[in-house]
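K.L.:
Annotations for this protein, taken from TrEMBL, read as follows:
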- 42-60: transmembrane segment (TRANSMEM)
- 67-86: transmembrane segment (TRANSMEM)
- 106-124: transmembrane segment (TRANSMEM)
Amino acid sequence: NTDFLFSSFWCIPAGVMFDFFDGRVARWQGSTSLLGQELDSLADFCSFGIAPAVLGFACGFQKMLDLVVLTYFVCCGLSRLARFNATVASLPTDQNGKVKYFEGTPIPTTLAIVAVLAYGVYYGKFWRFANPVFRHEGPFASFSQAFTPEYVWGGEISVFPGYELHPLVLMYGLSGTLMISRRLRIPKP
């Protein structure tokens, strides 16, 4: 049922909104703490690191090399947040004590990946339920039936014999690489 998948897609923009407001409210109340910072990073990691990777898996990026790229993406998100927490005290700040720039892309930018996946699911780029298998309790569509290589958006390429990759999963690899870049400095609004 794609309704569940779309509900999952909408949780990521909601996470961006809550992430924005939790920092604003904490600064407004003057109640920032190290524990709050760590909990914010944990929530960011779950919302913008793990959840987009799981959504990618649900959309059909399930080959071995796809899983390597998704795992790399999750590890990059974790590394990005850990580096920020470890170096936040040494980064230049403005008169309000707010960090002036991000090193690497902020982890909420993974919302762009989720938007691409949502677009693909909405326009039928991932799903194939034309001839579902029927069981006694109703229609049943397994991953192997729904996500055949010719129906996953962008197709599938063979990198090595027996090791296939969906080229669209490389957007996760690019996003992860940009997150951990130390040379990429993005001004913080």
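Every residue gets a Cβ built from N, Cα and C, even glycine.
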K.L.:
Can you tell me which parts of the same chain pack against the transmembrane segment (42-60), counting only residues 6+ beyond its ends and a CB-CB cutoff under 8 A?
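P.N.:
For the transmembrane segment (42-60), the list is 5, 8-9, 11-12, 15-16, 18-19, 22, 66-67, 70-71, 73-74, 77-78, 81, 107-108, 110-111, 113-114, 117, 120-121, 126, 143, 146-147, 151-153, 166, 169, 172.
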K.L.:
Please give the sequence-distant neighbours of the transmembrane segment (67-86): residues at least 6 beyond its ends with Cβ less than 8 Å from one of its Cβ atoms.
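P.N.:
Non-local partners: 37-38, 41, 44-45, 48-50, 52-53, 56-57, 61, 102-104, 107, 110, 165, 169-170, 172-173, 175-177, 179-180.
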